């Protein structure tokens, strides 16, 4: 531990930004990174709290499928309430001066958040796959009790996956990004294992689930003559697209950093100096930025969440109590009700292989 502490202290004493050889960085860079992080923190906290409150208040949104959505929101909140503010402090102070313990806890929680996010996104994809492609079995497999057990399992697997970081010495301060984080160059084998099991394997599972769903969607839409086979409702398709967009954005935001990890792990001594610092920093802050996007996507693409967001904001602005269930009287007057993000009742009764 003493060695790690001395490394941390040495890192904070490097030239601004900690670039190789003490190269100075553009004066605008710290301000830009601080702005990105402040925006991410504010939108992350407000947006994901809106998601959680929306599910809590609205009975239509309070169902077994949305348990995974709430769990994903919690994973995104973790980084906004502790690690990101510490990174922001590091940017403003041009170095880490918060000590070894805060560095380790911050890096641990960052890892917990990202692994929890990808595991929850995988759980959502499996939920959507079962709902659309095996809907006859959906109610039995995804009862409220079972869904809570699945979410508990997701977080247990997340803890198991992140614990080795505490023993491998990979959680260190990186002055290039002003963050205590997973250091890719410490162990090539471990870095490759992390990328494969924490990113590539979950991505393969998610891609498989969504490809099967797209195949079914195309099959349903190509039917010309009416038949007795059930049709895919527009609400189901919109709900599926919402979660598909969440997955695509996560993959886009995190793929560059994981690709860099594989490149670095191939030969740390040779590849680390070859990775442009701007690319490394951009890949990290793109990944950081992802934590604030999901709540925005729900609001843009899902009418039920959007309406509940508005109700909560209006309640706050008018000083009304918002920890109460939303009234369904107004909704009952509407003939065409939009389905929630992940509805309770199956609209498709198809059991495809």
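Heads up, the Cβ atoms here are built off N, Cα and C, so glycines get one too.
Positions annotated as topological domain 'Extracellular' by Swiss-Prot, on the basis of sequence analysis: 1-32 (among others).
According to Swiss-Prot, the N-linked glycosylation site annotation covers 4 (among others).
Swiss-Prot lists 10 (among others) with the feature N-linked glycosylation site, giving sequence analysis as the kind of evidence.
Beyond the transmembrane segment (33-53), the same-chain residues lying 6 or more positions past its ends with a Cβ under 8 Å from any Cβ of the stretch are 69-70, 73-74, 76-77, 79-81, 84-85, 87-88, 91-92, 178, 281, 285, 288-289, 291-292, 294-296, 298-299, 305, 308-309, 312-313, 322-323. The transmembrane segment annotation in Swiss-Prot covers 33-53 (among others).
The topological domain 'Cytoplasmic' feature in Swiss-Prot is assigned to 54-66 (among others). Looking just at the topological domain 'Cytoplasmic' (54-66), the mean pLDDT is 89.
Within the chain, the transmembrane segment (67-87) has long-range Cβ neighbours (under 8 A, six or more residues past its boundaries) at 37, 40-41, 44-45, 48-49, 51-52, 55, 98, 102, 105-107, 109-110, 112-113, 116-117, 120-121, 123-124, 127, 144, 147-148, 150-151, 154-155, 177-180, 246, 288, 291-292, 294-295, 298, 341-342. What Swiss-Prot lists as transmembrane segment is 67-87 (among others).
Look at the topological domain 'Extracellular' (88-105): DSSP puts its residues at 13 helix, 0 strand, 5 coil. Under the heading topological domain 'Extracellular', Swiss-Prot lists 88-105 (among others), citing sequence analysis as support.
There are 24 other Cβ atoms within 10 Å of the Cβ belonging to residue 103 (disulfide bond). According to Swiss-Prot, the feature disulfide bond maps to 103-180, an assignment based on sequence analysis.
The feature transmembrane segment is assigned by Swiss-Prot to 106-126 (among others), with sequence analysis given as support. Remote same-chain residues near the transmembrane segment (106-126) are listed as 65, 68-69, 71-72, 74-76, 78-79, 82-83, 86-87, 150-151, 154-155, 157-159, 161-162, 165-166, 171-172, 179-182, 198-199, 202-203, 205-206, 209-210, 243, 246-247, 250, 254, 287, 290-291, 342 (criterion: CB distance under 8 Å, separation of at least six residues from the stretch ends).
If you look up Swiss-Prot, you'll see 127-145 (among others) marked as topological domain 'Cytoplasmic'.
The transmembrane segment annotation in Swiss-Prot covers 146-166 (among others).
The annotation topological domain 'Extracellular' is assigned in Swiss-Prot to 167-190 (among others).
Sequence-distant contacts of the transmembrane segment (191-211) (same chain, at least 6 residues past either end, Cβ-Cβ under 8 Å): 114-115, 118-119, 121-122, 125-126, 128-129, 161, 170, 182, 184-185, 244, 247, 251, 254, 258, 261-262, 264-265. According to Swiss-Prot, the feature transmembrane segment maps to 191-211 (among others).
Sequence annotations record features per position, and here Swiss-Prot assigns topological domain 'Cytoplasmic' to 212-243 (among others).
Outside the transmembrane segment (244-264), and at least 6 residues removed from its termini, the chain residues within Cβ reach (under 8 Å) are 72, 114, 117-118, 121, 124-125, 184-185, 191-192, 194-195, 199-200, 203, 206, 210, 271-272, 275, 279-280, 282-284, 286-287, 289-290, 293-294, 297, 301. Residues annotated as transmembrane segment in Swiss-Prot, with sequence analysis given as evidence: 244-264 (among others).
The topological domain 'Extracellular' annotation in Swiss-Prot covers 265-277 (among others) and rests on sequence analysis. Beyond the ends of the topological domain 'Extracellular' (265-277), by six or more residues, the same chain brings 19-20, 176, 184-185, 188-189, 191-192, 195 to within a C-beta distance below 8 angstroms of the stretch.
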Per DSSP, what is the residue count of the topological domain 'Cytoplasmic' (127-145) in each of helix, strand and coil?
16 helix, 1 strand, 2 coil
Would you list the DSSP helix, strand and coil counts for the residues of the topological domain 'Cytoplasmic' (54-66)?
5 helix, 0 strand, 8 coil
Taking only same-chain residues 6+ apart in sequence, whose CB is under 8 Å from that of residue 180 (disulfide bond), what do you get?
83, 86, 96, 102, 103, 104, 106, 107, 110, 171, 172, 173, 174
